[in-house]
Amino acid sequence: MGPESLELNEKVNMDPDLWLQGPDQIRDLDSITRLYCVESILTLLATGRNSRQFMTVHQTYIVLKKCDAIEENEVVSDRIGECITLLRRDPDINIQEGGTSSTNENDTNENDTNEDDEDDIDIIDTIVKGPTSSTQIKLNIDYEDEDFDQVD
């Protein structure tokens, strides 16, 4: 979170460390660090329904939505969008406009669980592939031809 203000209903169940610092809180300046943080959240969301429910109850959607609104890096913004999609796709978790969730416990069956597990496996496979070439640091230095110590 950055210095954005939150409404009272958005602070419910949220970790106080995210909103108590107020306008003094500074967002991380390094886009690679932000990317790794968002990919960590994406990995947690892809591990199963229980982790998505936990993240929803603890207002992760609000934090991601606020971060996406001011994110300048397109790669980080795309990953945040994937996190938001994972949070919103679960039929048992309905995210309301304020970010609060309501769960429908009475409508679970084995077919839904199997489909969710298959979707989770596909998402995890995508994440495990690692960052794309645009997020990796590339050094085009050929050390084979250079003689650093000038001793043969």
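The backbone N, Cα and C atoms fix where each Cβ goes, and this holds for glycine too.
Copied from TrEMBL, the annotated features are:
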type: DOMAIN; residues: 42-90; note: domain 'Protein HGH1 C-terminal'
type: REGION; residues: 93-121; note: region 'Disordered'
type: COMPBIAS; residues: 107-121; note: compositional bias 'Acidic residues'
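Per-residue confidence over the domain 'Protein HGH1 C-terminal' (42-90) averages out at a pLDDT of 84. For the domain 'Protein HGH1 C-terminal' (42-90), the DSSP counts in helix, strand and coil order read 41 helix, 0 strand, 8 coil.
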